[in-house]
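For reference, the structure discussed in these notes is given below.
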Amino acid sequence: MLNIYLKSKIHMAKITRKEVYYEGSIEVDEELMEKAGISEGEVVLVVNVNNAARFVTYVIKGKRGSREINLYGAAARLGEEGDRVIIMAFTFSDKPVKAKTIVLNEKNEIIQEK
């Protein structure tokens with residue numbers, strides 16, 4: 001039987017920009033995506049730590065090294081610049097999966113990898 005497991009998590013990312021009238025979703029620095037094991041276009045669950053909003057969207061690859069986490073389109077209504085979010089990707093598996101997690105500081109720099 002297949003179960004759904006957490007496979008990747010970017011913990012405590014800080015929203016750097018938002019734009020409501022934009023085609024898109026959540027843009028994540030390419031380097032952070034790679035470190036967390038998240039692919040462009042992958043569906044993610046985003047949890048806003050500041051306001052408890054939860055939403056499902058897809059990832060847009062951002063500029064490598066920019067440390068930007070940007071909300072676009074309708075998702076931009078669910079967060080403000082400076083809010084901290086948790087970005088999670090899941091997978092189907094018949095066996096437990098060890099999630100890859102990166103923890104970020106207030107500058108969206110990696111301070112811990114698990």
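Keep in mind that glycine also has a Cβ here, set from the backbone N, Cα and C atoms.
Taken straight from Swiss-Prot:
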ACT_SITE  SER25  active site, schiff-base intermediate with substrate
ACT_SITE  TYR58  active site, proton donor
BINDING   THR57, GLY73, ALA74, ALA75  substrate binding site
MOD_RES   SER25  pyruvic acid (Ser)
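When the neighbouring Cβ atoms lying within 10 Å are counted for each of the recorded positions (SER25, THR57, TYR58, GLY73, ALA74), the highest count belongs to SER25.
GLY73 (substrate binding site) sits 11 Å from the residue listed as 'active site, proton donor', taking the CA atoms of both as reference points. Each residue contributes its Cα atom, and for SER25 (active site, schiff-base intermediate with substrate) and ALA75 (substrate binding site) these two points are 6 Å apart. Cβ-based neighbour count (10 Å, all protein chains) for ALA75 (substrate binding site) stands at 23. Rounded to a whole number, the C-alpha distance linking ALA74 (substrate binding site) with TYR58 (active site, proton donor) is 12 angstrom. Residues THR57, GLY73, ALA74, ALA75 are the ones the record ties to substrate, and the longest Cα gap between any two of them is 10 Å.
Same-chain neighbours of the substrate site beyond THR57, GLY73, ALA74, ALA75, judged by a C-beta within 8 angstroms of the site's C-beta center, are, in sequence order, GLY24, SER25, ILE26, PHE55, LEU71, TYR72, ALA76, ARG77, LEU78. THR57 (substrate binding site) carries a strand DSSP state (E or B).
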